[in-house]
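Input: a single structure, listed below in structure tokens.
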Amino acid sequence: MRLRNNANAPLYLKSQHEYIINDPHLLKDNLGKIFKNPELPLYIEIGMGKGDFIIENALRNQQINYLGIEKFPTVIVKAHKKALKHKLDNLAMICFDANKILELLNSESVDKIYLNFSDPWPKKRHAKKRLTHPCFLEKFAVILKQNALVEFKTDNENLFMYTIYDVLLKDLTKYEILFLTYNLYTLVNNVELLKNIPTEYEKKFVMQGERIKKVNFRFLKNNQ
């Protein structure tokens, strides 16, 4: 269910200086103004939603910097208010459209990308809006470091099948699948489940008996 639009959200974000990045150029030019330890690995979540996943990651892994990207101001306000309950030097958030991600981040500057429960855009004519469409993946390949991973989770069967069969397996010269499951929560004692941090949507889907699908992949050397 979508949140009711908060007309004051853009103004709220502009007034905030803790966790919120209001100058996108800082991510390319001066990470030291964003993170206390800018030399740490950088993991990003595209479409961070209300922030449960990325905030918990930042709490558990102080040795990694986390950047949450979300294009809807109303949603990122919710995430920001959750983050304010903690004192974290390794977390930042920005309201930004992933279509323009090459304007936001330098080449080979990112160590991992998380795509969690992205909008499935079910209609064929909207396929290019899917975050696992090749037009997005080509951009992700530019900002990712050598051998860096993309981790993709979804409850949506059609989006997952599209990602696996129409994208990743369609060109084996571009992508390498390192982990794949059609039902993450059945993998008892598997490291992927043991380390899993659920998003707010994921918790609801699991309670409803939905199968959570996941794939980890990377871009092959000659295509980065």
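Yeah, the Cβs are placed from backbone N, Cα and C, and that goes for glycine too.
Checking the candidates D29, D89, D155, D166 against Swiss-Prot: the one annotated together with K123, T199, E200, Y201, E202 at the substrate site is D155. Swiss-Prot annotates E45, D97, D119 as S-adenosyl-L-methionine-binding residues; of E18, E70, E157, E176, the candidate listed for that same site is E70.
Around E202 (substrate binding site), a 10 Å sphere centred on its CB holds 23 further CB atoms from the protein chains shown.
Listed in sequence order, the residues of the same chain lying 6 or more apart from D155 (substrate binding site) and placing their CB within less than 8 Å of its CB are F117, Y201, E202, F205, E210, R211, I212, K213. Within 10 Å of the C-beta of D97 (S-adenosyl-L-methionine binding site) there are 12 other C-beta atoms, taking all protein chains into account. The two recorded residues, E200 (substrate binding site) and E45 (S-adenosyl-L-methionine binding site), have Cα atoms 14 Å apart.
Taking the mean position of the Cβ atoms of E45, E70, D97, D119 as the S-adenosyl-L-methionine site, the remaining residues of that chain whose Cβ falls within 8 Å of it are I46, G47, M48, G49, I69, K71, F72, A98, S118, L131.
Secondary structure at E70 (S-adenosyl-L-methionine binding site), as computed by DSSP, is strand.
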